[in-house]
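Copied over from Swiss-Prot, here are the features:
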| type | residues | note |
| --- | --- | --- |
| DOMAIN | 1-108 | domain 'HSR' |
| COMPBIAS | 131-142 | compositional bias 'Polar residues' |
| REGION | 131-310 | region 'Disordered' |
| MOD_RES | 175 | phosphoserine |
| MOD_RES | 177 | phosphoserine |
| COMPBIAS | 197-213 | compositional bias 'Basic and acidic residues' |
| MOD_RES | 254 | phosphoserine |
| COMPBIAS | 273-297 | compositional bias 'Basic residues' |
| MOTIF | 279-294 | motif 'Nuclear localization signal' |
| MOD_RES | 305 | phosphoserine |
| REGION | 337-385 | region 'Disordered' |
| COMPBIAS | 360-372 | compositional bias 'Basic residues' |
| DOMAIN | 385-466 | domain 'SAND' |
């Protein structure tokens, strides 16, 4: 396990903050993510129940997970990453694999900037662990080997021991015609990268999609490099000797003269056999892809080019393929033009239909109905009672053709008082106002005088008018 520095822990926290949203969307179901955090005491029982209740209340799962990650950000612990990218979580949530690789890239970048890297203390002996600091973080490079040991293979650590031991040395057989090319990504500039044996066990069990793969930078995680002699000889015979993807590997059990450690032969187990078969298939597929991209072998090896007859045949075959490609391309162009024509015709017809529909139709003139004489409809005039305020101290009164203004306060003193003012401004009594209107012989002056088509008698009954005198105005005048 690696001893973490504060700078590396800060870099991991910063990257955790950046990838927090991606992790939230990678978790597509509550189990077993919530349970793993609760069982390892990263979240409380209360937060666990609240998160499940929020999911039952149709709150988006990504939002609930993001809230949990935000709380974990406040109390960040690098051991939380081991629970997050455990074997169970990587199997249940496949999208976490890319995020786990991004954390390894952060460790690789930190190793490139800061030398020396964190110290390698030991490897976990439990093969059931899905992720550890040894696989999550970059591993340091070993010291440079002398030129006589540049062809030595990777050193594999035995899980049962307490120090790094050599279990297998793969030596390169020197070839008189060409030097052996080093395997890219594993041996560079005379340096080797130590790898623990638990990496091989984990790579044999997990799927290749879940395995981290970094082809460019210095890697600490290697899939499997143990191959049989027969497969290596077949690969070397089928591929040019100078290619960067091949390496002649021969097992040598004799100890190196300048190597201080004693080599030990690793036992051949069925898991290693399966790994060899799988690795040989992977290498053969990659070899075929590289052979398609590379030029012919006769150009690389310096062999003379084929004769003119073969070249003519190759030209004829190439012309045939070009003609076939041109014919298929022409067919595609013709079908595309036909589609465009039909589409244009459909659009033009639809535009014409829309124009015809949008044209204004001629309005028909309404036919005049024959006028029927003798039918006169009398519309009743609207009553103006609502417009008159009977509670005002003055009322507009009429008596025949005479018009004037009645003052309620003066009428309370008696009908003999001059309480009506005519249009000329003269003050009149009730009797004088009746004479002006031509109704001097009226027996009831309250019915003869009207206010907006209502008699003073009706106004008195309604409470709008008060008269103290009960005597008739004729007697008062007498």
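Each Cβ is built from the backbone N, Cα and C atoms, and glycine gets one as well.
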Please work out the helix, strand and coil residue numbers for the domain 'SAND' (385-466) from the DSSP assignment.
26 helix, 21 strand, 35 coil
On average, residues of the domain 'HSR' (1-108) score a pLDDT of 91
Counting by DSSP, what is the helix, strand and coil composition of the domain 'HSR' (1-108)?
78 helix, 1 strand, 29 coil
